[in-house]
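Trainee: Structure incoming, see below.
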Amino acid sequence: MFVVAFFGLSLVAWHPGVTAQEKVNQRVTRAVTPQAVSCQLSDWYKWTDCFPCQDKKYRYRSLLQPSKFGGTICSGDIWDEASCDSPTPCLRQAQCGQDFQCRETGRCLKRHLVCNGDNDCLDGSDESDCEDVRVTEDDCHQYEPIPGSERAALGYNILTQEEAQSVYDAKYYGGQCETVYNGDWRKLRYDPTCERLYYGEDEKYFRKPYNFLKYHFEALADTSISSEFYDDANDLFFHIKNGKSHSAGVTVGVAPVKSPVSIEVTGSGSKASSFLNKLNKYNEKRYGFMRVSTKIQTAQFKMRRNNIVLDEGMLQSLMELPEQFNYGMYAKFINDYGTHYITSGTMGGIYEYVMVLDKEKMKTEGTTVDEVQKCIGGGIGIGIKDSTIEGVGISGEFCENSGDGDRDIRKKITGVEDIISRVQGGSSVWGSVLTHNSSAITYQSWGRSLKYNPVVIDFEMQPIYQLLRHTNLGPLETKRQNLRRALDQYLMEFNACRCGPCFNNGEPILDGTNCRCQCSMGRQGLACERTVIEGLKDFKAAGHWSCWSSWSECRGGSQERRRQCNNPPPKNGGTPCLGRNLQTQAC
């Protein structure tokens, strides 16, 4: 039996009879199930050369065809690695001339950065053998780095929606002593041990790393809640997908880092897969979903655009890439450091939860969606900012702001089957507590911890190959073009456009090497091709994009590629595909 991993729907076989379930099955509209397609992997490509700085070699195989419609799935990974002994020494950056060279990675440093008290080399070799360490006049070493700096320095995989390894060096200061003022230091704090009030003078200033052009603490935080109600799991899935869509025409997804795959619906952040998996058991049509989220901003930042200093690990990997194109080696680089890098964004935290509602119990007890909505803010003591539920008012005494959290909501609302939370940012202690109990006290404590433990909650980004134009390493055009070529192939290989067609508003999912269709309410089948509820024959169905074609030949300094809204096309006046069907690029 075919099972869907996220929000899976059980398939019901058709049998004549007189039971209640069989009467439902008798209403199934006959439709032709698409032919099963089995997964195909290529043979292993040859091993890469031994990476001398890692003493490892790698090989890969391509996903020629994901399995579809119940076809045989593939087993095993697409990546493989083995230990090796390199005949050549560990590669270093080009000779540094009169400048200092870090022993381990070969990074070049200006002489004034040696023995200045900052570890500008990962191995600390620039600060070893120093008889007299020069300390800056302002003694910047007493300041902590700006909160969240190491998170903003990470690469980002647009397919997996996961952070990758560090791209920027978040600990490099370039001999500069630039600080950021924190206005919150004036707030009085209480020390229970010494029983005294004090100002947090040690948090008055934070030090800004070289790769950060701007960083500004936010004085105001957005602490309002937004809520949306979804009638079934597929409806929730669809809106999560649209909320995270990107203009580049790439299908985003959730997947293990070792085996990048695409899933066309996802939440953001590294915990998205777990968040969706917890909802998997609530896939029956009797369940509805109230999705509630709040976002708190703590800082705005912008990264340096030119003369970027790369993380030493990335620098080392970049120097090992061959000048001649090798997809396996370049794809491994993308897999490690991400498809994109962050250029600017917002720090803070996100608290999101989904209330799983048993609609049958609510109907029996006379509980309405309006009443549920009125109770949402009461559990954690804050108000509703916006709601997509038409005609719902915020006033009323159905659920007061008691601040008792999940217990308050479960007690006052009949039909709340479960509350599934996801927390991003803040201290690990309060974040863990908030996940299991969303009371006013835990919410406020978590919010206060965000200032010094934020994550990147909104950001702008660029493809990873563009970074090579803006480093301090000199010309890298050949490797940049190779990386761009590899990224196009990488994004296409693991895109959910290779799945489908999923009919009747079904959502295509590429999980590992297996394609699946998440069906909307009243639809069944491996391709959601069957109708199990009367009156849905003229149901409006949205269209889905095909994959992009290959790039055309270069003409007049540009080339183009196209895609079609036929996977499947819109039906009965359904929504056409969003986005452009044509892309151009310089060549």
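Count begins at 1; order follows the chain as displayed.
Glycine residues also receive a Cβ, built from the backbone N, Cα and C atoms like all the rest.
Not my notes, these are from Swiss-Prot:
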SIGNAL    1-20  signal peptide
DOMAIN    38-91  domain 'TSP type-1 1'
DISULFID  C39-C74  disulfide bond
CARBOHYD  W44  C-linked glycosylation site
DISULFID  C50-C84  disulfide bond
DISULFID  C53-C90  disulfide bond
DOMAIN    94-132  domain 'LDL-receptor class A'
DISULFID  C96-C108  disulfide bond
DISULFID  C102-C121  disulfide bond
BINDING   L113, N116, D118, D120, D126, E127  Ca(2+) binding site
DISULFID  C115-C130  disulfide bond
DOMAIN    136-498  domain 'MACPF'
TRANSMEM  248-256  transmembrane segment
TRANSMEM  259-266  transmembrane segment
DISULFID  C375-C399  disulfide bond
TRANSMEM  377-384  transmembrane segment
CARBOHYD  N437  N-linked glycosylation site
DISULFID  C497-C547  disulfide bond
DISULFID  C499-C515  disulfide bond
DISULFID  C502-C517  disulfide bond
DISULFID  C519-C528  disulfide bond
CARBOHYD  W545  C-linked glycosylation site
CARBOHYD  W548  C-linked glycosylation site
CARBOHYD  W551  C-linked glycosylation site
DISULFID  C554-C587  disulfide bond
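Could you give the neighbours, burial and distances for every feature on this list?
Mentor: The predicted model assigns the domain 'TSP type-1 1' (38-91) a mean pLDDT of 87.
Secondary structure at C74 (disulfide bond), taken from DSSP and collapsed to helix, strand or coil, is coil.
Sequence-distant neighbours of W44 (C-linked glycosylation site) (same chain, 6+ residues apart, CB-CB distance under 8 A): R59, Y60, R61, D80.
Other Cβ atoms within 10 Å of the Cβ of C84 (disulfide bond), summed over all protein chains shown, number 17.
The number of other CB atoms found within 10 A of the CB of C53 (disulfide bond), across every protein chain shown, is 19.
Using a Cβ-Cβ cut-off under 8 Å and counting only residues 6 or more beyond its ends in the same chain, the domain 'LDL-receptor class A' (94-132) has close neighbours at 141, 171-175, 312-313, 315-316, 319, 474.
When other Cβ atoms within 10 Å of the Cβ of C96 (disulfide bond) are tallied across all protein chains shown, the result is 15.
The DSSP secondary structure for C121 (disulfide bond) is coil. The Cβ of C121 (disulfide bond) lies under 8 Å from the Cβ of C102, R103, E104, T105, R107, L109, E127, E312, each of these being in the same chain and 6 or more residues away along the sequence.
Annotation for D126 (Ca(2+) binding site): same-chain Cβ neighbours under 8 Å, separated by at least 6 residues, are F100, C102, L109, L113, V114, C115, N119, D120.
Counted within 10 Å of its Cβ, the other Cβ atoms near C115 (disulfide bond) come to 17, all protein chains included.
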Trainee: To the nearest Å, how far is the Cα of C502 (disulfide bond) from the Cα of C528 (disulfide bond)?
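Mentor: Roughly 6 Å, rounded to the nearest whole number.
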Trainee: Give the number of CB atoms, excluding that of C90 (disulfide bond) itself, located within 10 Å of its CB.
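Mentor: So the Cβ neighbour count for C90 (disulfide bond) comes to 16.
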Trainee: Which one is it: of the disulfide-bonded residues C502, C528, C547, which Cβ has the fewest other Cβ atoms within 10 Å in this structure?
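Mentor: Per-residue Cβ counts within 10 Å for the disulfide-bonded residues C502, C528, C547 bottom out at C547.
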Trainee: Pull out the disulfide-bonded residues from the set C53, C96, C130, C497, C515 whose C-alpha sits within 10 Å of the C-alpha of N116 (Ca(2+) binding site).
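Mentor: Checking Cα-Cα distances against N116 (Ca(2+) binding site), the disulfide-bonded residues within 10 Å turn out to be C130.
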Trainee: If one looks at the chain holding W551 (C-linked glycosylation site), which residues at least 6 apart in sequence have a CB under 8 angstroms from its CB?
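Mentor: For W551 (C-linked glycosylation site), the qualifying residues are D488, Q559, E560, R561, Q585, C587.
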